[in-house]
Amino acid sequence: MADDIQAASETNPLVSEPGKKVILLIEDDPFLVGIYREKLEIEGYNVLIAEDGLQGLNYAVSQKVDLILLDILIPKLSGIDLLVRLRQDEKGKDVPVIALTNLSGSDDEEKIRSYGVKDYLVKSNYTPGQVVEVIKKYLP
Amino acid sequence: MPVLNLDLLALGIAVAAISILGFIIYFSNRKSVTNRLFLLFTIVSALWGIANYISYKIFDPVFGALSVRLVMFFAVYQAGLFFLLTYIFPQEKYKFSKLVKFIYVPVLFVVSVITLTPLMYSEVIIKEGVTPQPIPAPGMGLFAIVAVSSVIAGLIILIKRLISSKGNARLQFVFLLLGVLMMFGFILVFNFLFTTVFDNSSFVPLSGIFMLPFVFFTFYAISRHELLNVKIIGTEVVTVLLIILSFAEVVLSSSFGEIFFRSGVFIALLVVGILLIRSVIREVRQREQLQLLNKRLEDLDKQKDEFVSMAAHELRSPLTAIKGYVSMIIEGDTGDIPEKARQFLADAMAVTDRLVRLVNNMLNVSRIEEGRIVYQMEETSLIRAIQETYYSFRVEAERKKLDFKLVVPNGLEDNVKVDPDRIREVISNFVSNAIKFTEKGKVNIVMSNPIPGFVKVEVVDTGPGISKEEQSRLFQKFYRAESTSGKTFGTGLGLYITKLLIEKFGGTQGLNSEPDKGSNFWFELPVVKKV
């Protein structure tokens, strides 16, 4: 894992605008990435995108991240495994996470909640605007 | 006194039964090594029984000696085949090792040849009125070593297999062992105990019969391994006992009249017994088949659930994207749009939400039914949950020009313990139905505290109403009400899920409706005191 983190730090994808909160969006559907990024940027956040779990974990532990929007069914490293490893990391263990997924009602949901996610949102039940409202609760 | 020669009759029956069982097994699966060995074993046993009988009934030195030697000759193979049978049972294919092929079998052969010579019994002493007395020779020791070690090895194998096997296979070994123990038990009692302690060798000629338990139980274990069921075995045991008793009566008859009558009873019992066993077997088989089918159904049901779950998940992604784009345009994130376009998009949004609800219902129904759903119970304001739902339906109601209102009295107690997402689904199902079926007039959501401690939500519409007959079926799974235009809507899951959820949250739900006047769907939840 140390190597992964090293590699990620070398290619810092974020041109950070100072003073803005950073949201790490871990999502593999390109359409949804487009929509959420657009909406979040309109709302004044810096958005960091990871399209798979491994990349997401690397960013989460190597970058300054204020909140993570986490899809669960993602390539390379599932959202659940990502949470497990994130919570073991010194830097990543306190980052607020909102699960944003289309999985619902299953045992997985219970498991994910047990890792201390702030909220568990079923994507199709929320518009991007509503997602932002939830984010604002945790990032005043 | 019985009129029949019991000795010979008993032996004849035993030999016939042993051979018949052997051939039945052989012909049921000619390729199986177990079955072939079993046939060999039964043939040797039958021959052994006959030789044994003759050896006690012949009073001629030459033939007497020959017959006792033959008894030992067959006994060698009997012991050898017993060992091999336990060794490979119940396999159909088996390749014997070199040790067996090139050492064990040749040794058996050599010993068996020796048994035919005076090395086994030097002579037979025959005296008037006493059973013939064979005189053992040194070769007897060799025979004893081979035969006894084969039998003991077979027994050890049997017990080992019995311990390490499970279920039906275990029962098979239990049967084999039972047969062996009974066989040895008989031999011990009649051939040993009676001859040595009581000096009574009158049962020895019947030794062929003692093979019967082992042959019978092995036959059973091979032929019925799929039918080792307590009920069937019980029926068979009782039936066979009755038949044996009835047969004994025939044999012990003291006149031909009695033989005739008792034979009639015996045959009747035989026929009824066979019919009885067959019917029990059929019943047990059917039950087993049902269990199998049931298992398959359960598997199918699971597959269906997994499919629905997967399909619903895949449906949600594009729905999320559509909702996202449309909502952002409506919210002005892409700049100003004409009012007409905004209306259209609002409609598109409402329709998309309907689809989202449909997917949610599909996903939820089986999970709720099976208790596999995870509820996030929390204390929450019912007013807030309803307000959110109310707003999400406003566009759809306005489009139909309905009087769509939410009525909340001042000071309403509305703190409830529910899963907020699920309670929104309940309200959504009620409201979406009301809007769908109401062409003009009103759809009102009315909240109240009918009695202290309970909060009630009513969705009142001026739709077509529902007949008494339909009302009773409305909350059933997959039941779909017909609208006045004869069209049906939806999957028939919404109200069913609503009912399951409200019951889960400790509430009640119901419906008051009259055709042509409208409907009033309501639910009631217990109020929780705020901490």
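Including glycine, each Cβ sits where the backbone N, Cα and C put it.
What TrEMBL records for this protein:
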COILED    B:283-310  coiled coil
DOMAIN    B:310-529  domain 'Histidine kinase'
TRANSMEM  B:6-25  transmembrane segment
TRANSMEM  B:37-56  transmembrane segment
TRANSMEM  B:68-90  transmembrane segment
TRANSMEM  B:102-121  transmembrane segment
TRANSMEM  B:141-159  transmembrane segment
TRANSMEM  B:171-197  transmembrane segment
TRANSMEM  B:203-222  transmembrane segment
TRANSMEM  B:234-253  transmembrane segment
TRANSMEM  B:259-281  transmembrane segment
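Between the transmembrane segment (B:68-90) and the listed ranges B:171-197, B:234-253, B:259-281, the one holding the most Cβ pairs under 8 Å is B:171-197. The highest tally of CB pairs under 8 A with the transmembrane segment (B:37-56), across B:171-197, B:203-222, B:234-253, B:259-281, is held by B:203-222. Summarised as a single figure, the pLDDT of the coiled coil (B:283-310) averages 85. Annotation: stretch B:171-197 has the most Cβ pairs under 8 Å to the transmembrane segment (B:203-222), among B:141-159, B:171-197, B:234-253, B:259-281. Only sequence-distant pairs (6 or more apart) were considered; of these, at least three Cβ pairs between the transmembrane segment (B:171-197) and the transmembrane segment (B:141-159) are under 8 A, so the stretches are in contact. Sequence-distant contacts of the transmembrane segment (B:259-281) (same chain, six or more residues past either end, CB-CB distance under 8 Å): 3, 227, 231-232, 235-236, 239-240, 242-243, 246-247, 249-250, 253.
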